[in-house]
């Protein structure tokens, strides 16, 4: 069953362009990360930025939540987190601070 996820994160001021650039470079610099997301059935993945506040809104659909959650233990993911950490609010393990949002409406 496909699960729809919505999350809020924060990118630090003055790093908006760099945040976007690093995501554009993900398929080339971090192909293992892209592969892991695809293998977990992640699709329809988008991240939006509110440049007034630095708030990021991520939306994605995941076909296998167990595989998706396991990505956090992969070296490729930890390297990605370390690469992105200077730009964002992060936890001690360098993972981004995220807030999961409950879905309150959906229209197919």
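Numbering starts at 1 and runs along the chain as it is shown here.
Just so you know, glycine gets a Cβ as well, placed from its N, Cα and C.
Annotation comment: Swiss-Prot describes 19, 45, 80, 81 as substrate binding site. Within 10 Å of the C-beta of residue 81 (substrate binding site) there are 18 other C-beta atoms, taking all protein chains into account.
The annotation active site, proton donor is assigned in Swiss-Prot to 23 on the grounds of sequence analysis. In sequence order, 47 make up the list of same-chain residues 6 or more apart from residue 23 (active site, proton donor) whose Cβ falls under 8 Å from its Cβ.
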Residue 80 (substrate binding site) in three-state DSSP notation: helix
